[in-house]
Amino acid sequence: MRQTRPSVLPPRTGDAVAAPTRRIPLSRERVVSWADQQAGAVLVLPAVLVILVLSIFPLLFSLYLSLSRFQPVSGGFEIHFRGLANYRKLFVGSEQQHFLGQLARLDTAGWLFFLATGALTVFLLGRALRSGPLTFPRLLGHGTVALGLLLALWLISRTVVSGGRPGTLVVTWVYVFGGVALQFLVGLLLAALCAQQLPGRRFFRVVFLLPMMITPVGVAYTFRMLTDTGKGPFAPIANWLGYANVSWVNDPWGARIAVMIGDLWQWTPFMFIVLLAALESQSPEPIEAAIVDGANRWQIFWHITLPQIAPVASTVILIRLIEAFKIFDMPNVLTGGGPGTATESLTLHAYVLWRSLDYGTSAAVAYTLLFVVTFVGIAYVRLLHRRVSEAL
C-alpha cells in the first residue's frame, strides 16, 4: 500500500512561528564537561606554580641583583642598578685576584704550555670543521668553543704554569676536570674488577658504596681529622718521621689535593655502581667471538667493552661534571677555603661575598658559574653528538 507523506502547509501571514527547541545542559553537566577539557592544565598547574616560585623567580631576581648594588639601610634596603659593574669588578676590579688569580708574566714554561695546547686546540678545531659541511651556525659554535678553551688555557698559563696564583675560577676547573677524571678511572677499575668472577665480589660491592652514603660534611670532617698530623690517627707516624708540626693542608696545592682526595673518596662509588651495571648488561656475543679470534683481554676491553659502555659512561661523566662545579662542603669544612683563598671554589666564593653582604657581586659569581656550566655542558653534548654521528 502506498504511503502518502503528510503535506506541510506554509504558515499563513500573521501566524506565530514557534522557535526550535534547544536542550539547555544542566549546570552539573557543564561543570563536568569543562573539568574534562581542563584536566591537564589543572593537574599541571601546581607543579608550574612551584617551579615559578622556587626556580624562575629566584633566577630572575638573582640576575637583577647581579646587575645592581644591594645596600642595607636603616629600616630596610636599597637596590641601585649598576649594569655590568659587578662583573667588571670580578674580571678587572677589586675581586680580580680572588676570582681570576694573580696573573704572572708568561715565562718559558708558560709560553711552551700555551703554544702547545693552543696548537692542539686549533688542530682539533680544523679537524672538527672538516668532518662535516661548513655552515655558519656550525662555524660559530665550534669557534666559540675553541675561543673559550684558548682563554682558559691562557689563564692557566699565567696563574699555574708561570708561577702565579690561581683564583677560584681556575681552582674550580681543577676540582671539576681533575677530580672527575680520577673518579671515572678509579670507578671503572673497581667496576671491571667486581664484574669478574672473583671470591668476595658481593662483599666489596657493598663496601665500595659506603662512602656515597655519608654526608659531604661528614666526609670533610673525616679527612680534616686524617690530615691533622698533630692529633690525627697518623700523628704517631708523622712524629716518628719528624713531621709532627707540619700539616700538608697548609700548602696551597697540598690543601687542594686533600680536597680532591676527599671528593674522590665520596663520589667514586657513584661512578662505580653505574659503570658496573653497564659492564654486566653488555652483550656477551662479541666478547665470545673475539676470544675465538684470539684477542687478548686488553684488546677485548678497548675495542669491544669500552664502546659498548660508552653511552652510559658519557652520561655519568656529564652528571658528575655538573655536580662537581657546585662543590662547596668539602673545601668549606676541610680547609675553610684556605690557606688564604687557595681552596675556594666558585660556590664558596659566592658564599663568602654573600656573607659579607655584597649580594650583587655574589650573584655575579653565581651567574658566571651558571654560564661556565652551560658552556661546558653544551660543548660536551655536541662533542658526544659528533662522536656518535661519526660512529654511525
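Placement of Cβ uses the backbone N, Cα and C atoms for every residue, glycine included.
What you see is a predicted model, and the numbers here were worked out from it, not measured in a lab.
Feature annotation from TrEMBL assigns domain 'ABC transmembrane type-1' to 169-380.
Counting only same-chain residues 6+ beyond the ends of the transmembrane segment (40-65), those with a CB under 8 A from a CB of the stretch are 79, 359-360, 363, 366-367. TrEMBL lists 40-65 (among others) with the feature transmembrane segment.
The transmembrane segment annotation in TrEMBL covers 109-127 (among others).
The feature transmembrane segment is assigned by TrEMBL to 139-157 (among others). Outside the transmembrane segment (139-157), and at least 6 residues removed from its termini, the chain residues within Cβ reach (under 8 Å) are 100-101, 103, 106, 110-111, 113-114, 117-118, 121-122, 124-125, 128-129, 166, 169-170, 173, 375, 379, 382.
Per TrEMBL, transmembrane segment is recorded for 169-191 (among others). Tertiary proximity for the transmembrane segment (169-191) is limited to same-chain residues at least six positions away from its ends with a CB under 8 Å from its CB atoms, namely 99-101, 152, 155-156, 159-160, 208, 256, 259-260, 263-264, 267-276, 278-279, 313, 316-317, 320-321, 324-325, 327, 342-346, 368-369, 372, 376.
Per TrEMBL, the feature transmembrane segment maps to 203-223 (among others).
The transmembrane segment annotation in TrEMBL covers 257-279 (among others).
Here TrEMBL flags 300-322 (among others) as transmembrane segment.
Residues or ranges marked as transmembrane segment in TrEMBL: 364-384 (among others). When Cβ-Cβ distances below 8 Å are used as the criterion, the transmembrane segment (364-384) is approached by residues 62-63, 66, 86-87, 89-90, 99, 141, 145, 148, 168-169, 172, 176, 314, 317-318, 321-322, 325, 346-347, 349-350, 353 of the same chain, each at least six residues removed from its ends.
When each of 109-127, 203-223, 257-279 is scored by its Cβ pairs under 8 Å to the transmembrane segment (300-322), the top-ranked stretch turns out to be 257-279.
Away from its own ends, the transmembrane segment (257-279) comes close to residues 174-175, 178-179, 182-184, 186-188, 190-192, 194-195, 205, 208-212, 214, 216, 219-220, 222-223, 227, 248-249, 305, 308-309, 312-313, 316, 320, 323-324, 327, 330-331, 334-335, 343 of its chain (Cβ-Cβ under 8 Å, at least six residues beyond either end).
Listed as Cβ neighbours of the transmembrane segment (203-223) (distance under 8 Å, sequence separation of 6 or more from its ends, same chain) are residues 190, 193-194, 258, 261-262, 265-270, 272-273, 276, 329-330, 332-334.
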